[in-house]
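Data first, discussion second: the structure below is written as structure tokens.
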Amino acid sequence: MEQSHILQLLVLLVMFFLASQVYSEPRGLRVDLIHVDSKGNYSKLELLQRAALRSNHRMARLIAKTTKAVDSGSKVQAPVHAGNGEFLMDLAIGTPSLPFPAILDTGSDLIWTQCKPCTDCFEQPTPLFDPLKSSTFSRIPCSSDLCQALPTSTCKSDCNYLYSYGDSSSTQGVLASETFAFGSTAVSDIAFGCGDANQGAGFSQGSGLVGLGRGPLSLISQLGLGKFSYCLTSLDESKKSPLLFGSLADLGGGAEKVQSIPLVKNPSQPSFYYLTLKGITVGSINLQIPSSTFELQDDGTGGLIIDSGTSITYLELAGYKMVRKAFLSQMQLPVADGTDISLDLCFSLPSDSSTVEVPKLKFHFDGADLDLPADNYMIVDSSTGLLCLTVMPSHGMSILGNFQQQNMQILYDLENEKLSFIPTQCDQL
């Protein structure tokens, strides 16, 4: 009789264990992007001007610096609008769900939104998230690996965090988990920052931020889907463009035009997506930049990252000086002062001409050449009479910003450690 009871108990334990292992295999996720503008009615130059200052601060900060089940048939998308240097993805958070337009950032990990009660909050386009009104809100304990993954945290009963960005902005609050909705698809137990003290001029265009870096706190890591892709529209475009996760994250037609670059890891900055920049061509001149200029150094400095959260491109000073000199020698326009818009190299446009020729700019990466259209590195505004190069100098790290990524469909393949891209009219996807 005792043996029978023991056998029944063992059977029940095995059944419980098997039931706990059942889950939906992650397959694909789709989110549409809209490049956002907090107010609208800005010229391209004004949009870049508003973004350039934040990019400069972010540059300095970057230098100093649990898998979820998704239904296999789900295709998730959300709209994004044109704006002042960042791109937003639209989600929803909580149960019942609340709209959550968030800045898309491959240069950081944390997902966060502003929460009630808020002691220091910026104005946002949607109501503040109230965790007391959501049936799926849960605080993450201090013992969690995700709490330990935060760069700055303090613990008593809750996991409290402080997360800072390159433009001196920050979010502070408690780490929690919630259900996030991507269109009609809901994903439970996403870890996020519930911020009650948040500061940053650039944040006000959205209601928070979604980090897509390599770290465990990022959305891509929490979804566990292995790859994602996006296609950023032109700076002044208001139409949607897609952010895709998992099996949906493919580059579609024109496979013969797809180019790929190996992704490089930096143990000192494990969240960033590094690319190997070999050289630069301006016009017909292949610049004689020393090969070590853009190399990732043994101490973790140097190298180049691709970042959707930085607006313009920054090049290590020695390389930038050669790029600047090449443009100065090949442009047939007088040099102008770009200080007011935080850009280093500007030219005065002729009043009697509607078109201006500019030298080609091409980046030579390990395995691929990024041949940029003029709209991706020069910005013109006839009202101010300025034509400016959207590349700036840096020291300690180089960054490929989102202005240079316009109308490029870009695939981050973390399973095969490569980044692929193809020129695409993003507003037509």
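Note that the numbers count up from 1, one per residue, in the order the chain is shown.
Quick reminder: no glycine exception, Cβ is built from N, Cα and C everywhere.
Curation does not apply to TrEMBL; its annotations are automatic.
Per TrEMBL, active site is recorded for D105, D307. For 87-422, the entry in TrEMBL reads domain 'Peptidase A1'. Summarising the annotation, TrEMBL assigns signal peptide to 1-24.
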Averaged pLDDT score, the domain 'Peptidase A1' (87-422):
93
Just the number: how many Å between the Cα atoms of D105 (active site) and D307 (active site)?
7
If you draw a 10 Å sphere on the Cβ of D307 (active site), how many other Cβ atoms land inside?
26
